[in-house]
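Engineer: One structure, as structure tokens, below. Some questions next.
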Amino acid sequence: MDSTEDLDYPQIIFQYSNGFLVSKVMFTACELGVFDLLLQSGRPLSLDVIAARLGTSIMGMERLLDACVGLKLLAVELRREGAFYRNTEISNIYLTKSSPKSQYHIMMYYSNTVYLCWHYLTDAVREGRNQYERAFGISSKDLFGARYRSEEEMLKFLAGQNSIWSICGRDVLTAFDLSPFTQIYDLGGGGGALAQECVFLYPNCTVTIYDLPKVVQVAKERLVPPEERRIAFHEGDFFKDSIPEADLYILSKILHDWDDKKCRQLLAEVYKACRPGGGVLLVESLLSEDRSGPVETQLYSLNMLVQTEGKERTAVEYSELLGAAGFREVQVRRTGKLYDAVLGRK
């Protein structure tokens, strides 16, 4: 970053300052249905047609489409009768609602929830606490009461998490051979995408999603196919209620929500419940040991500040938490993607 070129003209600083504009362009195009319309049409469409079908102004849509072209989310063909737009392949795969790898729901969660919390990042840094109260006018003392403040918000969050596991789930579940573990509890399993991937990869296992009652109800009714008999549900709060015996406990993006004290409390209960020879699989975005990256994880850790009571950690920090609970033979696997895997054995 400190090259002579950067010092003469701070291009990278300008890129950083425009970062939130880039995000909002993508979020807005998703929300308005630009990518879905172009996928469904099966052919490039003109500005006038896109604006008319999506009920927007021509002037506003033109600028949005051109920005998407600049970001390589759309491609444009200049014809005699004007500009015609189509999706790029990456948009077809990840930004349309109907794609199996769609990230639409997490985009909407970021746009409507995360984006608003980050407006108060300065306050979060000053105070060292999340910003639900400022962003939404609701108490943040009950973290998941705030996060699941309405059924619509809860569904948005759960569907968003499911979308992440549609592209990252296989990597974290195959980082280790989990076939010896036949009875698995997915603590805080939410919308069930990771559980579904687990029973697909390991057909001899059963997975029980352990989550709050209202989460379980939504997952049962709207997110997990009823014909999938290898997935069961357990309603409860794992900080207050008992954890049943099992061979393996999956905690995916759970510990990063909490401070070290709460993590030690939860892992101690998991260790008590775990069968001898069993284990716990942590799925988290790992910081490098010198905390110099990855930048995505550093940003996620700030997001934990504005939204939760937790933080992202290094592999050593997670290993120490597991060791304090009694787990041994801790192994770490970096996937090269957003989320990594840490396995501890009893």
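Any Cβ shown, glycine's included, is placed from N, Cα and C.
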Engineer: Out of K141, K253, which does Swiss-Prot tie to the same S-adenosyl-L-methionine site as Y148, W165, D211, G236, D237, F238?
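Structural biologist: It is K253, as the record lists it for that site.
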Engineer: Quick one: which of D186, D241, D247, D257 does Swiss-Prot put in the substrate site with N303, Q307?
Structural biologist: D257
Engineer: Quick one, of the binding-site residues D211, D237, D257, which Cβ has the fewest other Cβ within 10 Å?
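Structural biologist: D237, out of the binding-site residues D211, D237, D257, has the fewest neighbouring Cβ atoms within 10 Å.
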Engineer: Neighbour count, 10 Å Cβ-Cβ cut-off, for K253 (S-adenosyl-L-methionine binding site): what number do you get?
Structural biologist: 19
Engineer: For Q307 (substrate binding site) and H256 (active site, proton donor/acceptor), determine the Cα separation and express it in whole Å.
Structural biologist: 11
Engineer: For D237 (S-adenosyl-L-methionine binding site), which of the recorded positions H256, D257, N303 has the nearest Cα in space?
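Structural biologist: Nearest in space to D237 (S-adenosyl-L-methionine binding site), counting only the recorded positions, is D257.
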Engineer: In the structure shown, which of the binding-site residues Y148, W165, F238 has the fewest other Cβ atoms within 10 Å?
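Structural biologist: Least crowded of the binding-site residues Y148, W165, F238, by Cβ count within 10 Å, is Y148.
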Engineer: For D211 (S-adenosyl-L-methionine binding site), what is the secondary structure state per DSSP, taken as helix, strand or coil?
Structural biologist: strand
Engineer: May I ask for the distance between H256 (active site, proton donor/acceptor) and D211 (S-adenosyl-L-methionine binding site), taken between their Cα atoms and rounded to an integer number of Å?
Structural biologist: 16
